[in-house]
Amino acid sequence: MPKKILIINTGGTLSSVKSSKGLVPGMRSDDMLEELRMVSRNLELETEDFCSLDSANIGPKDWSGLAEMIARKSYDYQGIVVIHGTDTMAYTSSMLAFMLQNIAIPVVITGSQLSIANPVADALENCRCGIHMAASGYPGVFVAFNRKVILGCRASKVRTMSFDAFESINYPYVGEISSLGLRVYERNLIAKKGIFRPQTAYSDKVALLKLYPGINPDILDMFYEKGYKGIFIEGFGLGGMPFINNDFIGRVGEMVEKGMLVLVGSQCRYEGCNLMVYETGRLAIEKGVIQAYDMTAEAAITKLMWVLGQTDDIREMKEYFSVNIAGEVNIG
Ligand code: ASP
């Protein structure tokens, strides 16, 4: 019996067509089926359309709906491929990794830098990788791009035009296609920790703030006054924040006292933060901030949304950040 793989289309460049307003997602999944069959060989493909959007227009409500659709369908297919725009793909893959933790089948998100209608596109190569990873039997949420398979919550778009647009950040690749075929590195997969139960609640009362020299701490009050409950701050280097001349850390402490969850990471993409090294980090720890360690910005902000959707209890929120849920973080 051939394995059954479901392709869910959400739009993006892969499905795009030219319009008077520029490139817009236009093809439905059925329009792409013939081409997709060329790279899937003896697998049985079925398709669904979730939406047809440039991924700049995709947000938390879509993630929740998409996760629910995937959860429902996961009992009828051996694997699912999600076609998605590349611009926010890493946010979607990170959030799906949290919402769909412990899913029993592979869920693989892919897209491309050129439309599938373009004969020199990377679209079919990426779909080939996505479809065969979806048929691999290894459960989890992944991104497939440029012949590499990345853990969903470790992916990041690092290039705007090249075909190698995605990297696995602070974590090894989980698979790749080479002359040896598709190889999956089992040691890098995340073991199932319990039964599958989709957890699709989230909070959008969270913000991401990149520090810059001279940043005015009043910006923190603005978030607080607007009802924000959590903030992810990208600090300098190992995660440092100012406290001399500009007492940003002092105001962060006030936010923590008022009940805001303050997560601090690094604006450097690689190697993560460590707030224990410098005074500019330790003081923040003393004020009660939480470290993001080596999480990507995409994983950190989506984990914050997801955690705040699970509980209102600040102690429980901190507990979630002290554990590695889907492979997103290496703590300490
Ligand atoms: N703007 C497109 C999107 O994210 C880019 C792409 O798919 O590569 O939907």
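Each residue, glycine too, has its Cβ placed from N, Cα and C.
What TrEMBL records for this protein:
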ACT_SITE  T13  active site, O-isoaspartyl threonine intermediate
ACT_SITE  T86  active site
BINDING   S55, T86, D87  substrate binding site
DOMAIN    4-186  domain 'L-asparaginase N-terminal'
DOMAIN    205-321  domain 'Asparaginase/glutaminase C-terminal'
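Across the structure, T13 (active site, O-isoaspartyl threonine intermediate) and the residue listed as 'active site' place their CA atoms 8 angstrom apart. Here the CA atom of the residue listed as 'active site' lies 7 Å from the CA atom of S55 (substrate binding site). Around T86 (active site), the same-chain residues six or more apart in sequence whose CB sits under 8 Å from its CB are G12, T13, S55, G111, S112, Q113, F145, K157, A165, F166, listed in sequence order. When pLDDT is averaged over the domain 'Asparaginase/glutaminase C-terminal' (205-321), the result is 98. Listed in sequence order, G12, D54, S55, A56, K157 are the same-chain residues at least 6 apart in sequence whose CB falls under 8 Å from the CB of D87 (substrate binding site). Across the domain 'Asparaginase/glutaminase C-terminal' (205-321), DSSP helix (H, G, I), strand (E, B) and coil residues number 48 helix, 21 strand, 48 coil.
The substrate site, placed at the center of the C-beta atoms of S55, T86, D87, has further neighbours from the same chain whose C-beta lies within 8 angstroms: G12, T13, D54, A56, H84, G85, T88, M89, G111, K157. Neighbours of S55 (substrate binding site), defined as other CB atoms within 10 A of its CB across all chains, total 23.
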